[in-house]
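Chemist: Pulled these features from TrEMBL for this protein:
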DOMAIN    14-336  domain 'Acyltransferase 3'
TRANSMEM  12-31  transmembrane segment
TRANSMEM  43-66  transmembrane segment
TRANSMEM  87-106  transmembrane segment
TRANSMEM  126-147  transmembrane segment
TRANSMEM  154-175  transmembrane segment
TRANSMEM  195-213  transmembrane segment
TRANSMEM  225-244  transmembrane segment
TRANSMEM  256-275  transmembrane segment
TRANSMEM  287-306  transmembrane segment
TRANSMEM  318-338  transmembrane segment
Amino acid sequence: MKMQPRGANRRLGGIDLVKLAASFLVIAIHTGPLLTYDEYADFLITGILGRLAVPFFFMASGYLLFRKLKGSGREDLSMVNRYARKVAVLYLAAIMIYLPLNIYKGDFDHGISWPELARDIVMDGTFYHLWYLPALLIGVYIVYGLYRLLPLWAFSAAVGALYAIGLLGDSYYGLAEGTPALHAMYEWLFARFDYTRNGLFFAPVFLAMGLFMAKRQAKPKIRHLYSFVFLASMVLLFLEGILLREAGYPRHDSMYIALLPAVYALFGMATQLKIGSTPRTGAIAQWIYLLHPAVLVAVRGIAGAAGLKPLLVDHSLIHYAAVCLATAIVSVVLARLLDTLGRLPLRPAKSL
């Protein structure tokens, strides 16, 4: 067995810890924990702070995947393909898990529109949070292809340009809407997918940042600047989000300019946390992300049946805490179960 260097293992521990925290931010986005108290305060948490979460997931995926690149086209592509197959299998499993909820919501009450179903599977996700997995698949291949074909400056410019296109369809949509040519372009795009926070425009830049972090180790002097850059970027991020909201620009609020330095600095800080890594921590974060909408529905159903809706659902902060706690329990149990099954002595499969 090939052992990881101890320093690398401890860097992964910090990444997993931040991923775990980020998964609870995603739950906050989907529950609105402060809505009972103040809608604007909730926006600051869910519409700005919480937007660190998914970009961090993308950057972590890029870091963990692309650090394995060896410079051999065939071997590297094979490695990327193996990773993509694992993500695709996970996505297929998630689609099946949420299929009953799709039916319950009435998504198929008027029959199945195959073009819309294909669009959902490829771009938007079949449930509101599952867009992340096809975005990861598309983004990985875009980043790998551009990295192989282009010099570094052109590679950086390309993923930056894709993100800029995404910005104008997201938090900066007001600018595009006021320009006839851009407005027509985005109308054409939105006829093909719901949002620009997808694998074409959102994922590539953060996956590329993970690649860059993996391939270019920061010098000690630069590493000490991560905390300063993060704090400064967060100030800019809150200012950006607040000003855009006041201007009425956002069509959605997933993409900000200040997210780029903020997420990069946060990831750099995470690699410096001296915490041992265990695969289970990352798995728990993954399952929290994937399962929390199902648990949310279960919490609301149980609360309604038990007459606890005013407490467990109508009170936003308690509702958030209940969903977090229940999702964490389910995710820990599932991660331990899968870990145990993975350790069982299984009969080797026959060669095909």
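Just so you know, glycine gets a Cβ as well, placed from its N, Cα and C.
Note that this is a predicted model, so its numbers are computed, not measured.
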Chemist: Which range wins on Cβ pairs under 8 Å with the transmembrane segment (256-275): 87-106, 126-147, 195-213, 318-338?
Modeler: 195-213
Chemist: Suppose you look only at the domain 'Acyltransferase 3' (14-336); what would the mean pLDDT be?
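Modeler: Looking only at the domain 'Acyltransferase 3' (14-336), pLDDT averages out to 95.
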Chemist: State the residues, same chain only, that lie 6 or more residues beyond the ends of the transmembrane segment (287-306) and have a CB under 8 A from a CB inside it; answer 'none' if no residue qualifies.
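Modeler: Same-chain residues near the transmembrane segment (287-306) but 6 or more away: 20, 23-24, 26-27, 30-31, 57, 90, 94, 97-98, 101, 127-130, 132, 312-313, 319, 322-323, 326-328, 330-331, 334-335.
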Chemist: Mind checking which residues reach the transmembrane segment (195-213)? Cβ under 8 Å, same chain, six or more beyond either end.
Modeler: 54-56, 58-67, 69, 123-124, 131, 134-140, 142-143, 146-147, 155-156, 159-160, 162-163, 165-170, 189, 251-252, 254-255, 260, 263-264, 267-268, 271
Chemist: Any chance you could find the range in 43-66, 87-106, 126-147, 225-244 with the most Cβ pairs under 8 Å to the transmembrane segment (12-31)?
Modeler: 43-66
